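Undergrad: Sharing a structure below in structure tokens format, with a few things to ask.
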């Protein structure tokens, strides 16, 4: 956690939320004290290096909202992520990061675990709950290869027949996610009932400042395989479209008609990510995982009708750690350096945005310093809402990493 990420009572271009994970054991001591709904205090424990070096004993940080250990995934979604889904349906772009050190609850918040779904699954479920009855027939929209879409065929028969939807066989965990969503989520946003909608998903990771498509094999085959010994990981390039927005050239964006199809794609992407890490001799926290949902919508008045495209990107950032603690060497040390460099670039962009907004500055946001920040160039230029969930492990032994 950094003072650079704190917010103030004034309007902030980046909403930063704090989520505190539960202590693993009842005997563990917390170094945090929540002062009110937006402020918390870090109390330096005697076991920390900061205490031994004689640094100040208390630090106070401010956030848009603080969520304590009792906060459920459902509550977090309703208050933080659901407004971004509503923006998506209103043809507005959104970006949300989960940020923190390894073990602070980033991936749990974003993707969940085997018992409870995360912000990603809940956002998709809310989206499909909202547009049911107004989902376009598959392949109505066609990507134009320039980061947008056009209407491919006559709009008659535009609404898909739910009975004809693609049947997807879910794994036990996917079915558990779906059952839990059906029981606990049941959130809907407002939509324009005169529009029809199509949902596209892409899943990528950024590793050592290279971009990899986690749906490469999914797009080409129902069963991901490695043929002829070819390396599964082929890096992708960033391009700029006619509107100045960045996109990933040749990335697979797959159309999904149901929440079941969406969950199936996410699961396959996650499996590819694990395989890729094995190939690269790294662990799950060594790359930034980016799940993007693109919503295409149009009125029901023929091929010449304007098409509106909006995007919600959900980013599970790699964990930030000091190399001294992890004792990384060689390639692992270089990985850590790449992670810290990209996270620092992100923090610099956020800080510059805040300075420009709060003080009337016109500094250039340094989004070209990493692939992670360059990909989201249009957000840093003010074209979309940015939120960050800062995840914290309150254990006093983690103070030096948290502070």
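Each residue, glycine too, has its Cβ placed from N, Cα and C.
Note that TrEMBL annotation is computational and uncurated.
Pasting the relevant annotations from TrEMBL:
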| type | residues | note |
| --- | --- | --- |
| DOMAIN | 13-403 | domain 'Kinesin motor' |
| BINDING | 100, 101, 102, 103, 104, 105, 106, 107 | ATP binding site |
Undergrad: What is the Cβ neighbour count of residue 106 (ATP binding site) at a 10 Å cut-off, with all protein chains included?
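TA: Looking across every protein chain shown, the total is 28.
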Undergrad: Could you find out if DSSP has residue 107 (ATP binding site) as helix, strand or coil?
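TA: Residue 107 (ATP binding site) sits in a helix per DSSP.
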Undergrad: Counting Cβ atoms within 10 Å of each candidate's own Cβ, which of the binding-site residues 100, 103, 105 comes out highest?
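TA: That would be 100, with the most Cβ atoms nearby.
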Undergrad: If you average the pLDDT over the domain 'Kinesin motor' (13-403), what number do you get?
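TA: The average pLDDT of the model in the domain 'Kinesin motor' (13-403) works out to 84.
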